[in-house]
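> I am attaching a structure below and will ask some questions about it afterwards.
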Amino acid sequence: MFFTCGPNEAMVVSGFCRSPPVMVAGGRVFVLPCIQQIQRISLNTLTLNVKSEKVYTRHGVPISVTGIAQVKIQGQNKEMLAAACQMFLGKTEAEIAHIALETLEGHQRAIMAHMTVEEIYKDRQKFSEQVFKVASSDLVNMGISVVSYTLKDIHDDQDYLHSLGKARTAQVQKDARIGEAEAKRDAGIREAKAKQEKVSAQYLSEIEMAKAQRDYELKKAAYDIEVNTRRAQADLAYQLQVAKTKQQIEEQRVQVQVVERAQQVAVQEQEIARREKELEARVRKPAEAERYKLERLAEAEKSQLIMQAEAEAASVRMRGEAEAFAIGARARAEAEQMAKKAEAFQLYQEAAQLDMLLEKLPQVAEEISGPLTSANKITLVSSGSGTMGAAKVTGEVLDILTRLPESVERLTGVSISQVNHKPLRTA
């Protein structure tokens, strides 16, 4: 027939054809009646109250310790289940719990003997871990696993723990007072620091405000300087533009004057050409015509040079420099005119001299006859021979004029009659 069990127990079948016995944890198994036997073992967790009364610790102080342990037979591990069946099969849960309790208590006492009261009291976790470790390695051979172990209570009959607590309490109270004093001190220090930081922050804020005001004023001053500079530059540019415009107008005016003077020069040149033609047609003597031509050409060139010099001076310089340049140009033109006259006199020596003499003779005659024009009356004294009256006066004047060439010859060394009869020489 079939037998079943829950997950909290295991079945062991032995007998005919069951060597070794079959162990089933939480399941079913077929058993032949009369020739096979079935037994059950509990897999429930057992809670053990492990008490160790008046155990002497490492310093010889007796204390009592109570621990709580959770143990059970391990059904998933076949080896541990086989070991548990060998040791506990047929026993009740109470008997199994008693065996495990005795084992745990022995290990608990051994751990207590190797530790001080302070270590057990202050470091319960360490004590629990050592008991769990030592007991687990021993109970596993029985097929029992320790699920957990916790230290529940520690007490003694000598008030050792109470005294230890008083000392600790006093220490704690002292630490509390010290901590309170330190806290007050720290609070005062922090308050002073806070006030100092507040004052420092206020000063820093004022400093930052002063810096900001300074930066604002500096930037404003820089902007004002830049604005004034731009304004001055604009005014200067306007003045420069006005000056340039005036200069351009003056240059255009000078150019117009130059053009006008050039036109005047052209007109004068045309007039000179016309007069030269008239001179050629009217003047009989070639020397006079040539001299007149050279003089007019020199005057024209002088006028042209003067106007060109004035125009160039006006376009290059302003009025003062232009006038100085024009004066120099006039001087050069006059010098050139004199040079042309000198060349003409050199080319036509006798004719030129004759021309000058003939030109000056009327002035000489005028100067000679000048006293006669201012005389109120003329008294003629005759020696008794020759003409009388007005004819006498005319004869005297003509006699003076006939002696004039001789006077000129004595003064200048030039004979008018000889110059007049000599042919003209050309270079």
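Every residue, even glycine, has its Cβ placed from backbone N, Cα and C.
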> Which one of S42, S163, S303 shows up in Swiss-Prot with the note phosphoserine?
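My reading of Swiss-Prot gives S163.
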> Any idea what DSSP makes of S19 (phosphoserine), helix, strand or coil?
strand
> List the Cα distance (Å, whole number) between S163 (phosphoserine) and S19 (phosphoserine).
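For S163 (phosphoserine) versus S19 (phosphoserine), the Cα atoms are 64 Å apart.
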> Other than its own, how many Cβ atoms are within 10 Å of the Cβ belonging to S19 (phosphoserine)?
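Taking every protein chain into account, the count is 8.
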> I'd like the number of other C-beta atoms within 10 A of the C-beta of S163 (phosphoserine), please.
11
